[in-house]
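**Student:** After the structure tokens below, expect a handful of questions from me.
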Amino acid sequence: MQKIGSENYYDRAFKKRMIFLLFLIFLLVIVTIFSITLGVASITFGDTIKVLFGELFGIGSQDYSSFSRGIVMNLRLPRIALAIITGLALGSSGSIMQSILKNPLASPYTLGIASGSAFGAAAAIVLGDVIFKTIFTAYSSWVIILGAFSFGLLTILIINLIVSLKEGSSAMLILAGVALGYLFSAGVSFLRYVTDHEQLRELAIWLMGGFYQAEWRDIFILTPILILSLILLLKISWDVNALSAGEEVAQNLGIDIRKLRRIGTVTAAFLTSSVVAFTGIIGFVGLVAPHICRMIIGNDNRFLTISSGLAGALFLLGADTAARLIISPAELPVGIITSFFGAPFFIYMLIKKRRSYWS
Amino acid sequence: MKMKADKIKFCYQDTAVFDELSLEIEKGKIISLVGPNGIGKSTLIKCLSNIYQADSGFVYLDGKNTLSIEAKELAKELGYVPQTQRNSFSISVYESILLGRKPYFNWKVRQEDKIIVQEILEKLNLQKLAEREVSNLSGGEMQKVAIARSLAQKPSIFLLDEPTSNLDLNHQLEVMNIITELAKEENAAVVMAIHDLNLAARFSDYIFLIAEKGKYISGKAEEVFTEENMEATYGVKVEIVESSKGMLIMPIELSS
């Protein structure tokens, strides 16, 4: 501690961030393994490992039962994968939205994207049956997904349009998002009010959110979307850093701010509405995961985006595992767990952390 | 490097802030933009810094129209220092200065960039603050960090918006000394918008007084800061006194 300093400050900070990233990955692997072994049907740790190696890589002794194989491969693994993908998507989108809009309250939810998706899904559930009749029954889940996805994306496009018409600030973007969120929520309430019993149930389940309906199909669709979006978000992360010094400074540093904002918000919205379409509404992760990471590793978006994603994945996977186990054999909606444990923990972190990390 | 603004006009919602404004800036010289509140000093600084686009007229760098120069290349020539530092999410002093290297790399910080940041920290005596959060600094320290960031851009022209506003005497002098060094030692051109006429008179080579829309008076401090010009521009009767460090402009009363 002789020479305080700046000399190696960057390298030290870099190392700390890398260690944090690796630590998150390590934890995620551990939680994943535990999550696979835990559940109503008891499968031993050894059997789980055997199934994983046997089915995924085709190695090891394949002396496990087809029951174990079915539980691990068809029920638990897709569900776990969906929870991880959703956490990665919501955490990283939330983080980039906060940074781009320079607002600690920004998240896929405050921007109205989730409400937009919810309205899309609700419209598909309620109107799909009326318009498409029998065809709808056969493809209902696809229609719901398409509805959620297109309305989520539509929301951010409308917001961007409003802002570009008025050359608005980031505060305006958030206000427009909040307003649209209310509009779509009213739409959902209206649909709930006018619809009949059967559809109402389906709608209520979708709005609750969760991973229990996870299928491998979902994973195959979402994985490429997630990877492409994350690459794009990482690519713009150094430019987003420059935004933290103020828009004028960023402009002087050679950044096209409007383009950056558009790329960032549309990518984040695309990613959010893609996962929301499959999982329903899962709140809180997109807001909290980035803040916890900001407290630990600071606000360099090159590390923050991916860390927030990993923290989100860890949080959601943990919550979903708890949701499966707490009142087993029945299960709780995951949203209850995320808020119930997440909110007090977040408040504790806010109080404990004295250093202000946003201003 | 020489910068020239040629008959530029900037409008804010249909009202022209300034019109037909021409200005030349040479390396090694400090120009102070002075004038009443709201006359467009900050706007002019932003037009010259490639933050705002002039509605008509052009800015030239060594005879080349800045519109034809890539934003990234322009960022290596023009270093802008804002009036106030507003960080949304706080970052450390080191990282804040590192942002000035933005035009030079896209993702990975190179050894070269770290060395440059280190040199700037030492030059401005900021080493001890390197790990502190910018949002926890005092006004004077923040101003130095903002200047440090623009230094990291390695620009040939510095454009500063009110660099001494909100600073105490000690920091005013420290910041003005840094600015003088930029011009004299780094041979950079410096343009600053400034309210303090005494600091402007003492530290600049030329004064550019924006008197009213379309009326600009430029020249050496003694030529521009006359009792008549001050009264006409600010509506204040002043007394001009000689001190050991040059002229002092003392406001006496509002002119009737």
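Glycine is treated like the rest: Cβ placed from N, Cα and C.
So TrEMBL has the following annotated:
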- A:20-45: transmembrane segment (TRANSMEM)
- A:80-101: transmembrane segment (TRANSMEM)
- A:113-132: transmembrane segment (TRANSMEM)
- A:144-165: transmembrane segment (TRANSMEM)
- A:171-195: transmembrane segment (TRANSMEM)
- A:216-238: transmembrane segment (TRANSMEM)
- A:268-291: transmembrane segment (TRANSMEM)
- A:303-326: transmembrane segment (TRANSMEM)
- A:332-351: transmembrane segment (TRANSMEM)
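I would like each feature placed in context: is it buried or exposed, what are its neighbours, and how far apart are things?
**Tutor:** Here the transmembrane segment (A:20-45) has Cβ contacts under 8 Å with residues 51-52, 67-68, 71-72, 75-77, 80, 84, 293, 296-297, 303, 306-307, 310-311, 313-314, 317-318, 320-321, 324-325, 328-329 of the same chain, all six or more residues outside its ends.
For the transmembrane segment (A:144-165), same-chain residues at least 6 beyond its ends with a Cβ under 8 Å from one of its own Cβ atoms are 111-125, 128, 172-173, 176-177, 180, 184, 206, 258, 261-262, 265-266, 268-270, 272-274, 276-278.
Note on the transmembrane segment (A:303-326): residues 17-18, 20-21, 24-25, 27-28, 31-32, 34-35, 38-40, 79-80, 83-92, 94-96, 99, 210-211, 230, 233-234, 237, 282, 285-286, 288-290, 292-294, 297, 332-334, 336-338, 341-342 of its chain, located 6 or more positions outside it, place their CB under 8 angstroms from a CB of the stretch.
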**Student:** In terms of Cβ proximity under 8 Å, which residues at least six beyond the ends of the transmembrane segment (A:268-291) contact it?
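**Tutor:** Apart from its flanks, the transmembrane segment (A:268-291) reaches 82, 85-87, 89-98, 104-105, 107-111, 113-114, 116-118, 120-121, 144-153, 155-156, 205-211, 214, 218, 221-222, 225-226, 229, 233, 304, 308-309, 311-312, 315-316, 334-335, 338-339, 342-343, 346, 349.
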**Student:** Short question: which residues 6 or more past the ends of the transmembrane segment (A:332-351) have a Cβ under 8 Å from it?
**Tutor:** 83, 208-211, 281-285, 288, 291-292, 295, 315-316, 319-320, 322-323, 326
**Student:** Give me the stretch from A:80-101, A:113-132, A:216-238 with the greatest number of Cβ pairs under 8 Å to the transmembrane segment (A:171-195).
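**Tutor:** Of the candidates A:80-101, A:113-132, A:216-238, A:113-132 scores highest.
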